[in-house]
Every structure is written in structure tokens, then in C-alpha cells.
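Comments concern the structure below.
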Amino acid sequence: MEAPAIFTEKEAYQQSFNPREYLKEFYSMNDSKDGGNVFLTQNLKLLHKMFSLDGLRGNTLIDVGCGPTIYQLLSACEHFQEITALDYTDRNRQELEKWLRNEEGAFDWVPVVKYVCELEGDREKWAEKQEKVRKKVKQVLKCDVTKANPTAPVSLPPADCIVSTLCLEGACKDLPTFHSALRNIGTLVKPGGHLVMLTTLGDTYYTFNNQVFSCLHVEKHEVEAAVEAAGFEVKFSEVQPYTVSDDRMDCSGFLGVVARKCPSAT
């Protein structure tokens, strides 16, 4: 499928992004398609590695651009006590809340949770981990990463850590906007706190359910430069090449970054 010539505006996400179809396409562990599991397992391994790093501990964690997903919290929940999840689209937040309340018909994350538990050494702890995530996510709020205060009109106290996975490259139409969005979300973390970020590299689109969504083509050095310009010091940066032939996107790899907010940064 061809990449979109135009940027997918946030209104398009609000109106036509179908969280159930997105989850089914990208987060089903039993996916028979080539690359279905590779996309997911590569990201889970990278998150596990980043959240195992020294110093990545604290009381509060803010998840910026959570979408309808919890995979990005499965390693994180072992090291933080209270989690706030943020996303722009109402349906994404509703889908996430459905799972948090353990409602009938919510997406089945069990295979993914079991995989992460296996990475951590005990597959059988999956039920305990699910419960941990449900208990620790204290609120789910609307956010807009293009605003100086992404959670306006709500103001959150700065957190010990923010995590953002596969979000900014979808929300930003160009590199200046990407820089600006990183500065905006950087205000959500306290000086000395951490940013954990997972970004697609070289990607211009992703598609599911016969819809195409634009993606900002970024490379490793561009992401690192934007993180540093936002007042952070990069502590860890690793590329996982994505070599699977996958017609759902044209990404060349995933970049995992852990950065510490400079104590002098505001």
C-alpha cells in the first residue's frame, strides 16, 4: 500500500481510528502473518531491556500516547507505583478503561502478558502482573502532545518517569513539530527524572482495516537530537532493525531511548 501524501490530522484519529481493529492487527500474539509477532516481540524485548536499566525506578510514571494498549506498561509496572495514562482519542481511552475495569469484551492481553513474564523469568506470574497494571493505573486522561501543557486544562505534578511508545512519529507532521512535542512532554517529568521512548525509524505510514495513517520519517540521530534539545541527556540508545517484509508499514527498525532530564532543565 502506498504511503499517504498528506499528514493524518488529529481529528482523523478522533473520528476514524478503530482501536479494536488496531489491537487485532498489531497486538495479537497468535498472528499468522509474517512479522505480526516480530513487530510486537521486538518492542516488548526492547521495553524489558530499558526498564531493567539501573535508576529506572520511582513512584510516578506517565504514559504519553498510550493508545488502547497496555504492552508498554508490562515491564514498567514492576518499577513504579502509580501510573497515569494519556491519549488524544476518546475511543482509545475508552478501550483501555474497558480492560482496566476487566469488563467483558475487553481485548485479551493474556498472551502478551505471558510473553513479558517469560522475559522476566516466570511465565506463570501473568495473572499477578495483569492485576498489578490494573491497580497501578490511577487515571486515564486526554492529552495533546502539540500543546505546551499536553494535559490542559488538567495540570499534573511532574512524574519520576514518562514513557512514550510509537506516538510522536504519528502525531507530528514534521521535525520542528517533533522537537516541540518532545519539549511539551518533557515538562511532565521532573528534573533528574527519566524519559523512556520507543520510536519507529524510517517509517512513513502504517495501515490496518483498509485505512492508512501517516508517520513521520525519523532516523536515530534526529530522535536523539530532539531528545537532547528538550533538555535530556541520552543514557541508552539502541536500534532493533526490522527486516521482516511487512505491508502494514515501511519501517526499517525501532529505536529505544532512555534519557535523563537535566537537573537544570525546567
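Even glycines carry a Cβ here, placed using N, Cα and C.
What TrEMBL says about this protein:
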BINDING   TYR22, TYR27, TYR71, ASP87, ASN92, ASP144, VAL145  S-adenosyl-L-methionine binding site
With an 8 Å cut-off on Cβ-Cβ distance and a minimum sequence separation of at least 6, pull the same-chain contacts of TYR22 (S-adenosyl-L-methionine binding site), or say none. GLY67, PRO68, PHE208, ASN209
Chain-internal residues, separated by at least six, CB under 8 A from VAL145 (S-adenosyl-L-methionine binding site): VAL64, GLY65, TYR88, CYS167, LEU168, ALA171, CYS172, ALA181, ASN184, ILE185
Sparsest Cβ environment (other Cβ within 10 Å) among binding-site residues ASP87, ASP144 belongs to ASP144
